[in-house]
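Now, the feature entries from TrEMBL:
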DOMAIN    125-180  domain 'PAS'
DOMAIN    198-250  domain 'PAC'
DOMAIN    270-407  domain 'Phytochrome chromophore attachment site'
DOMAIN    424-497  domain 'PAS'
DOMAIN    500-552  domain 'PAC'
COILED    536-566  coiled coil
DOMAIN    570-786  domain 'Histidine kinase'
Amino acid sequence: MRLDENLKILDFSEGILPFADYPNELIIGQDARRCFPELIGAEERLNLIMQGQDLSFEVKGICRSLEKKNRLYFDLYTNPIKTEACLEKQLIFFLEDITEKMLLQQQLKQQTNETNILINSVAGYRNYLNRIIAAMGDALLVTSNSGIIETINQATESLLGYSVEEISGKHISQFIKSTDFLPQDHQLCLLSESEHLQNIESVCYTKNQEEIFVAFSCSAIKSEVEGLYNFIYVGRDITERKRAELELRRQNRRSQLLATIALKIRQSLQIEEILQTTVNEVRSLLQVDRVLILRVFPDGTGSAVVTESVVSHLPSLLNRQFLPEVFPVEYHQMYRKGRIQAIEALENAQISPCHAQFLEDLGIQSKLVVPIIYADELWGLLIAHQCNSQRIWDNFEIELLQQLANQAAITISQSQLLQAVQESEKQFRQLTENINEVFWLFDPEKDQVLYISSAYEKLWGYHRESLYKHPQSWLDAVYQDDRDRVIAAVEKSHQCQDFFNQEYRIIGADGFLRWIWGREFPIHNERGEIYRIAGIAENITDRKQAEEEINKSLEQEKELNELKSSFISMVSHEFRTPLSTILLSSELLQNYSHKWDQTKKNKAFKRIHSSVKTMSKLLEDVLVIGKSEAGKQEFNPVLLNPILFCEELVSEIQLTIALTHKINFVTKGDGNNAYLDEKLLRQILNNLMTNAVKYSSPSSTVHLLCDCQEEIVVFEVRDEGIGIPLEDQKHLFETFHRASNVGQIPGTGLGLAIVKQSVDLHQGEINIQSQVGAGTTFIVKLPTNCQQQAEAITLAQGYAQ
């Protein structure tokens, strides 16, 4: 940098810019003292230099870089020069960057000071650290790179029982259980490669060979001089915590075991499975050699092992029975009261010599026995055996076996209840499967059939499985006229509003119609809520038929009473006229016979005779009806010629009716003989012919046709009379019934009933064709061979008698 005699900057090199405390674009012409405040106060000396004196000037300065804002150190010095052009006095300044040198000097000075301080404090810090280590409550061990113990603190001596002299120089693995600690070389390698603490929990051995649990925090320290590692182990005794954790795990395992057994009791109630699970889990949890359940026979005849879990190298006692001497009867009462036997050493056990010898023979050194009490009686024993060594049984183990013995008693109780329930269910099923009534159980909440008896298949004719899949499918068989009523009743029942009680009809799979009486009733749970609906469906077809028969009988009885009234009325009416005639004629004969001639007397006798005949005919008709209704009407077919029979009958009737009517008799066929009952045939044709005459006008013609065919004989009686109204035709063959248009024409209403009964005895048929005012035609068809019917009727009457 070049300055004039006024110390103004004439020019400069770029290297000076970082040190000038002035912007570079304004530096030319500026006073150098503004850019470098270090020149202030040196004007006199600089003037002397410009005057030519052999002097030098050097100043050190500090500035801050405008760009990087960091501190810079420089050395500024000058020598006098003159320009050849104008001999003006000028100064040339040289600036040297000494920043790095100054920083290095400062650093060296600081390091020297720090080293002196460290040297002075190390001794005190070592003493302080030693006091801290000595006062630590946790054990501290320092080992070499190879794991050799170099030092320990007082807490380590107290923890392990070794002095510094006894433990120093020994490998750390001698005091840490190898199965719980990583191999030393591997562990040390892990520690040396990690900058973090590693936490290790391990079992350690004390001087008294006692096992304790210690939690170590391990770290590695590398020596800068030798490049080797030292390892520091800080340990804390966690034996109590570990024992508490172990106890907690045992408690959890016990809870899990009890929960598992309780779950199995709820799920299966298979006593063998639950007891086997019990002994397996107990042996695993307690780490004993054998666990078994001994069933004590209640009659004192001995005991037997029913369930066992044993290690593989010991003999099994399963199913082995023992004599009463092994478990005497006097022990039963003690165990029934809850006695627990814990034998820790066989030689110290207070047991009988026989019992001790028995245990020794089995190789048992310690055992724990708790009773299984069911229904206040000794059911058996839950026993744990230790064979490889003696064992002290703690409270946890005793309580565990007690709780499991209680669970076993619950299992036995539940199993007995299950067996009772299953037996009851078996009996219930046997009952429901062997009765004719359909029984079912229904879940209204799930709308599900739980059970349906086999009688459903017999009554409905469909498989029971259809109801399990579709609970309402039974309604499909309900008779159409009853279905809406039944469905409405079922809906009310399943809503627990009004329980089902209906009589209805079904059409089974076989197509037969049956009457059913179905009824339901609720089943309540312990809270009084309806949770099941039971039902019974009974086949009441026979009862309905009986009711129908009874109703028919009542109706018949009513009809008979009406007929009785009609009969009495008819008899009184029909008998009154002939009786009056007889009475009148007999009185006339009595009083005037001496005055009458023989002709007049004969007329009176003839009237009496006719009246008696009319009454005889009426009585005969009544007797025929009575025999027929009582099933005592005889049927005696004989071989006769129907045409000749009709000719004879027509002649008789013609004589009776004289010349009032004409009878037109026509025959067809070849006139073959037929087996017919002559008496019944006379009743049929005589009643039809006399009715035709009675209900037709005088001088009219009555037509009779006899058609002899191969298998039947057809008789047709036709008149030209008053005819029969249509509404009366369906009642025409009923006893005492008369058509509504007969008027004053006398009659009993028995003739056509006798005709119908006589035709039925021949197993024939009778048909009617009639129109009011146009006449009536009766057509009777009788089989020609009635001999077989006669034999069948005789046989049936014999059975009936």
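Glycine is treated like the rest: Cβ placed from N, Cα and C.
Non-local neighbours of the coiled coil (536-566) in the same chain are 436-440, 456, 459, 503, 514-519, 735-736, 749; each lies 6+ residues outside the stretch with a CB under 8 Å from one of its CB atoms. The average per-residue pLDDT of the prediction over the domain 'PAC' (198-250) is 81, rounded to a whole number. Residues in the domain 'PAS' (125-180) partition by DSSP class (helix H, G, I; strand E, B; coil) as 28 helix, 12 strand, 16 coil. When the domain 'PAS' (424-497) is classified with DSSP, helix, strand and coil residues number 40 helix, 12 strand, 22 coil. Broken down with DSSP, the domain 'PAC' (198-250) shows 12 helix, 29 strand, 12 coil.
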